[in-house]
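To start, the structure under review is shown below, and the notes come after it.
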Amino acid sequence: MASSINGRKPSEIFKAQALLYKHIYAFIDSMSLKWAVEMNIPNIIQNHGKPISLSNLVSILQVPSSKIGNVRRLMRYLAHNGFFEIITKEEESYALTVASELLVRGSDLCLAPMVECVLDPTLSGSYHELKKWIYEEDLTLFGVTLGSGFWDFLDKNPEYNTSFNDAMASDSKLINLALRDCDFVFDGLESIVDVGGGTGTTAKIICETFPKLKCIVFDRPQVVENLSGSNNLTYVGGDMFTSIPNADAVLLKYILHNWTDKDCLRILKKCKEAVTNDGKRGKVTIIDMVIDKKKDENQVTQIKLLMDVNMACLNGKERNEEEWKKLFIEAGFQHYKISPLTGFLSLIEIYP
């Protein structure tokens with residue numbers, strides 16, 4: 001009979017140990033990815049025009065000969081995680097995968113700014129203080145570590161604010177790729193206001209695709225004050241908790257998950273005012289996550305739950321359908337419709 005410890009078979013214990021160690025060292029996943037972006041390796045491979053050998057790569061990187069083996073180790077691990085493909089012919093070489101193509105700077109779809117922003121110690125380092133944060137009654141995690149709320153911190157730190165805006169713009173480009181196939185969202189509209197629209201990455205795509213549609217990018221004054229519009233694109237500074245420009249539709253992309261239910265109700269009520277002015281009955285379009293552990297694949301659920309923890313550190317949250325529905329009803333909306341948008345994002349349309 002096989003031995004056991006506390007009623008557990010050794011095989012169970014060793015499997016649990018492997019799981020534990022996987023998560024203890026999971027920070028290396030993020031940090032090795034950050035290293036590849038900082039070293040500009042995706043662009044180096046792209047510019048090489050074919051898989052690049054280890055010797056060519058380290059020559060371009062100009063690393064000491066004593067670190068060549070370490071470059072190989074990092075590339076091997078990144079390849080194991082799906083970011084590069086190892087080609088073994090005469091010499092070990094590396095090719096881009098779909099994932100690392102998303103890290104090529106200068107490409108239409110580049111998420112390198114997202115890697116840099118999220119993995120900056122300003123943000124990622126805050127997670128060392130989870131224990132302290134959990135005992136603080138009102139402070140967000142960033143309030144504990146940065147000494148102010150996240151949005152106030154951005155206002156006072158222009159360099160990181162630029163990094164954050166670049167990251168959001170890079171992510172918007174992928175969302176825009178999905179929106180191009182969502183004509184039904186914009187059918188019949190004459191105007192739309194993108195609340196929290198940043199520098200206008202999404203609004204510009206909407207304007208190009210629907211040139212007769214008037215688009216307003218509405219964000220904090222310090223975000224939009226130096227931005228120039230076009231014939232059908234304007235920038236307006238203000239506070240979404242106070243008032244939102246009137247339009248046929250309001251777009252909330254990655255906005256509501258930043259806020260508590262109480263704050264979301266305030267925002268949604270202002271949105272309702274904006275789309276029902278002058279007797280009109282417009283709509284509010286939300287691009288956000290909808291947690292559904294029953295229907296989603298495990299990897300998609302993991303992304304959503306990771307983001308839920310991340311949003312909790314802002315006092316926000318990701319929501320399931322019932323939680324969304326409760327918000328909509330309390331804000332005075334009559335019905336809603338949820339459609340899939342990307343791998344983990346949904347398109348939610350709500351009507352007053």
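Note: Cβ is positioned from N, Cα and C throughout, glycine not excepted.
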Swiss-Prot has Gly196, Asp239, Met240, Lys253 down as binding S-adenosyl-L-methionine; which of Asp171, Asp181, Asp219, Asp278 does it also list for that site?
Asp219
Restricting the comparison to the recorded positions Gly196, Asp219, Met240, Lys253, His257, which residue's C-alpha is spatially nearest the C-alpha of Ser124 (substrate binding site)?
His257
Thr122 (substrate binding site) to Asp239 (S-adenosyl-L-methionine binding site): how many Å between their Cα atoms?
25
Are there residues of the same chain, six or more positions away from Asp219 (S-adenosyl-L-methionine binding site), whose CB falls under 8 angstroms from its CB, and which are they?
Val195, Gly196, Gly197, Gly198, Tyr235, Gly237
In the three-state scheme derived from DSSP, which category covers Asp219 (S-adenosyl-L-methionine binding site)?
strand
Compute the C-alpha separation of His257 (active site, proton acceptor) from Asp120 (substrate binding site), stating it in Å without decimals.
21
Other CB atoms, at most 10 A from the CB of Ser124 (substrate binding site):
15
Ten-angstrom check, please: count other Cβ atoms within 10 Å of the Cβ of Thr122 (substrate binding site), all chains counted.
19
